[in-house]
Every structure is written in structure tokens, then in C-alpha cells.
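Quick look at what TrEMBL lists:
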ACT_SITE  D317  active site, proton acceptor
BINDING   K23, G95, R123, Q170, R348, R391  phosphoenolpyruvate binding site
BINDING   K23, S24, R28, S168, Q170, D317, K344  3-phosphoshikimate binding site
DOMAIN    9-426  domain 'Enolpyruvate transferase'
Amino acid sequence: MEETKKLSKINQLTGTIEIPGDKSISHRAVMFGSIANGKTEISNFLMGADCLSTVSCFKKMGVAIDIQEGHVTVEGNGFDGLKEPSDILDVGNSGTTTRLMVGILAGAPFHSCIIGDESIAKRPMSRVTNPLRMMGAKIDGREDGQYTPLSVRGGNLQAIHYHSPVASAQVKSAILLAGLNTKNEETTVTEPHKSRDHTERMLRAFGVDVKEDENSASIIGGQSLQATNIFVPGDISSAAFFLVAGAIVPNSEILLKNVGINPTRTGILDVLEQMGASIEITPKEGHTFEPVADIVIRTSSLKGTTISGDLIPKLIDEIPVIALLASQAEGDTIIRDASELKVKETNRIDTVVGELKKIGATIQATDDGMIISGKTKLTGNAKVSSHGDHRIGMMLAIASCITEEPIELESVDAIDVSYPTFFEHLDSLAK
Ligand code: S3P
């Protein structure tokens with residue numbers, strides 16, 4: 001059942017929240033634990049719908065995975081421990097599950113079938129199926145492997161040096177994971193801009209040698225993974241909603257604890273600084289392969305900026321909420337080189353522009369981004385929708401904190417995909 005929620009203005013946001021675990025890192029911890037030898041313990045695992053889809057798929061391949069509210073134990077038996085699933089692997093709404101798992105399945109000597117929801121069925125899969133076919137995997141799917149449902153029969157892969165036309169960590173990861181199943185050959189992925197490097201960092205934590213060089217990553221086939229313990233830092237993409245909320249709601253001050261600040265993800269922090277936000281970042285000691293910080297954000301007077309090029313992959317998932325932020329900044333904010341937005345859970349150029357216009361923002365779509373002019377009073381008194389996209393839902397919920405009149409947010413349940421405790425956190429900060 002799709003839920004609708006009425007949301008009203010909030011006068012002030014103050015207090016402390018612990019940001020839930022990072023979605024990208026939670027997925028990888030379960031996947032890598034599933035193909036490692038031994039017991040992997042994962043703490044602060046994100047209990048969002050997407051990561052639970054990953055758990056369910058690997059369970060169907062015979063991996064013993066136990067979940068106790070945020071603590072996950074994965075009993076891996078090495079890559080060869082994966083079994084042919086007797087059922088379809090349902091990825092739900094999760095692009096990361098689909099693309100990384102196809103990379104693993106490409107090297108598995110059995111048949112599997114992948115299906116997801118309506119949104120997944122529209123997302124381009126040829127960006128992974130093409131290079132994996134070049135490596136020798138037998139993959140088929142709707143429209144010649146462009147879309148789900150996909151069927152995979154893996155095994156016998158050859159290494160490649162792949163020049164990806166897009167900066168995508170999902171593509172890079174799928175190829176590197178397939179590269180693990182070649183025979184002592186080197187697989188390399190080169191991207192136009194560096195994408196998030198959680199796979200490279202975590203594979204190293206599992207004992208695999210991965211080389212990184214500016215926009216390339218390489219792996220030698222035949223290496224096995226040894227189980228390890230993983231602490232998942234708070235997701236900076238989830239923190240982004242409260243960073244923006246703290247900056248735009250009057251008289252606010254929010255402390256966000258344990259936020260992952262991997263430099264391939266911190267574009268939102270760069271943009272907040274560029275726009276003049278009052279933000280303090282305190283790095284924390286003792287975190288091994290992913291850096292972590294506590295962050296304080298306060299109500300700020302903001303100015304427009306330009307966001308493009310190398311910065312885009314570092315904040316691609318934050319663009320919906322950055323558009324809202326920009327509506328509260330003086331002057332124009334120009335976002336370009338971001339056509340990847342069109343192939344996310346929704347076409348995020350259309351959904352961001354369409355929904356923010358309904359509540360009075362001055363925003364215009366461009367071919368590869370958008371232009372937002374501020375500062376605008378957001379009106380409210382409108383029915384808006386997440387369109388089934390968690391990040392659009394949360395962006396609109398944060399917008400409602402400053403609209404003159406209440407808004408009605410349709411398909412609010414989409415938020416469970418990455419931040420099931422979002423409204424609890426918002427309510428705990430509202431004064
Ligand atoms: C992700 C990579 C990004 C991001 C997505 C998660 C990952 O997608 O938008 O939410 O975990 O690797 P692309 O690889 O398509 O850029």
C-alpha cells in the first residue's frame with residue numbers, strides 16, 4: 001500500500017542524530033562476506049529495504065546470513081560455496097544489488113535469474129552486461145540484455161581492460177568482481193571521472209590486492225577473500241538530508257554522528273562550504289578502511305554555486321536535496337554534467353524539477369542537470385510525490401520543513417529503501 005503523509009513547517013531543528021549505516025558499504029559487506037572464507041561480522045548494517053534485498057539474494061544462493069537489528073553475521077564458504085539458486089533472485093528496487101551481483105554471478109558456474117521492481121526494469125543494465133559478456137559470461141535479458149529480467153550462466157572469464165563511458169562504481173565493481181574469477185590475469189577498469197571506491201577499500205580489508213591509479217582500478221584474478229569484521233559508517237547520502245535541513249530551517253543546529261567521509265563521497269560537504277554554510281567537520285580516530293567524522297551544521301546564509309565535472313560522481317545521489325538547498329541560496333546554482341540523474345530510481349532531473357516547481361521553487365531542467373534561482377519562499381499547499389524514489393521522498397519531506405503551508409507527500413513509504421528511521425530522526429530534532 002502506498003502511503004501519503006501530511007507534512008507541515010518546522011520552526012527549528014536542534015539535537016543530535018546517529019546516521020544509519022551506509023547503503024553502498026552495507027551491500028558490499030554482505031556480498032563480499034558471502035564469497036569470503038569464514039565468518040564476517042558486520043556492525044551498524046543498514047536495515048533498509050535495498051540492503052535486505054541483497055541479504056535475501058545471497059541466502060537463496062545457500063549463504064548462511066543472520067541478522068539481529070543492525071548486526072549481521074555472514075558465514076562464507078568462499079566463492080565456490082555459492083549454490084545455484086532454485087528461485088528467482090529478487091533485487092526489489094536496488095540497482096547496486098543488481099549490478100554488483102551480476103558481476104559475481106558472471107563467474108559462478110551455474111544459472112540464475114534476476115528480477116526487480118518496475119523502476120529496476122527501466123534502468124540500463126547493458127552498462128554491466130556488455131563488458132561482462134566481453135569477459136565471457138553468458139548473460140541474456142529483455143531487449144538483448146539491456147534490462148531485467150536477466151538470466152546469467154557464469155564461468156570461465158577472461159580479463160579485460162575496460163574503458164567505461166560512465167563514471168559508475170556499480171559498473172567498476174561488477175567488472176572487478178568478475179575479474180576475481182579470471183585465471184591470474186589483470187582486469188582493469190578506467191573511468192572518465194573517479195567513482196566511489198568502497199569496493200577497492202573493502203576488498204583490501206578482505207585480503208585482496210587491488211591497485212588504484214587516478215581514474216583506474218585493477219585486480220589480479222584467482223585471489224580469494226578472507227572473512228573480516230566490518231563497521232559500517234553512517235551514510236553521508238542520508239546525512240545530506242539533515243545537513244540541508246540544518247542549513248535552511250531557521251535557528252537550527254544539528255550534530256550528525258559517525259558520518260562516513262570517504263573523499264569519493266564528500267561532494268555535499270564541498271558544496272555546502274562553497275555556498276557559505278556554517279559547518280564543522282571533526283574527523284574521528286580509530287576507523288580502519290573508511291574515514292568517519294562528526295559533523296555540526298547550523299542555519300546559514302547561502303549563495304548560489306556551480307556544480308560540474310569531477311564533483312558530480314562525489315555527490316550524484318545528493319543532487320535532489322542540493323536542488324532544494326539551492327532554492328534557499330541567493331543567486332543561481334547551475335548543475336551540469338549530471339545526465340546520470342536520468343537513469344537513477346527515477347529520472348531525477350524530471351522528478352526534482354517537477355516536484356520542486358509544485359511548491360514554488362524557481363528551477364529549470366537542462367539536458368544534463370538543472371538551474372535553480374534563489375532565494376525563493378516555498379509555498380506548499382500542494383500534493384507532491386516521491387514517485388517511488390526514496391531520495392525524492394526525503395528531499396520533499398525536508399522541503400516541507402520550510403513551506404508556508406503544509407504539503408501532502410504521496411508514496412512516502414519509498415523512504416524505507418535507504419532510511420527507515422528518517423521520520424523518527426526528523427521528529428526528534430523538531431522544536
Ligand atoms: C552506488 C553507486 C552509484 C550510486 C548508487 C550506489 C554503489 O551509482 O548512485 O546509489 O553503491 O556503487 P552508479 O554506480 O550508477 O553511479
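Quick reminder: no glycine exception, Cβ is built from N, Cα and C everywhere.
Measuring Cα to Cα from R123 (phosphoenolpyruvate binding site), none of the binding-site residues S24, R28, S168 fall within 10 Å.
Close contacts with ligand 1, defined as a Cβ under 6 Å from any of its atoms, occur at none of the binding-site residues R28, R123, R348, R391. Non-local neighbourhood of G95 (phosphoenolpyruvate binding site): I120, R123, Q170, K344, E345, each in the same chain, at least six residues away, with C-beta under 8 Å from its C-beta. Under the DSSP three-state reduction, K344 (3-phosphoshikimate binding site) is assigned to coil, being neither helix nor strand. If you compare Cα positions, S168 (3-phosphoshikimate binding site) sits closest to D317 out of the recorded positions D317, R348, R391. With a 10 A radius on its CB, D317 (active site, proton acceptor) counts 26 other CB atoms from all the protein chains. R348 (phosphoenolpyruvate binding site) sits 10 Å from the residue listed as 'active site, proton acceptor', counting Cα to Cα. Straight-line distance linking the Cα atoms of R391 (phosphoenolpyruvate binding site) and S24 (3-phosphoshikimate binding site), rounded to a whole number, equals 15 Å. In this entry, K23, G95, R123, Q170, R348, R391 make up the residues listed for phosphoenolpyruvate, with the farthest two CA atoms of the set 19 Å from each other. Cβ contacts within 10 Å of S168 (3-phosphoshikimate binding site), excluding its own Cβ and spanning all protein chains shown: 24. K23 (phosphoenolpyruvate binding site) and D317 (active site, proton acceptor) have their C-alpha atoms 12 Å apart, to the nearest angstrom. Spacing of the residue listed as 'active site, proton acceptor' relative to S24 (3-phosphoshikimate binding site) is 11 Å (Cα to Cα, whole number).
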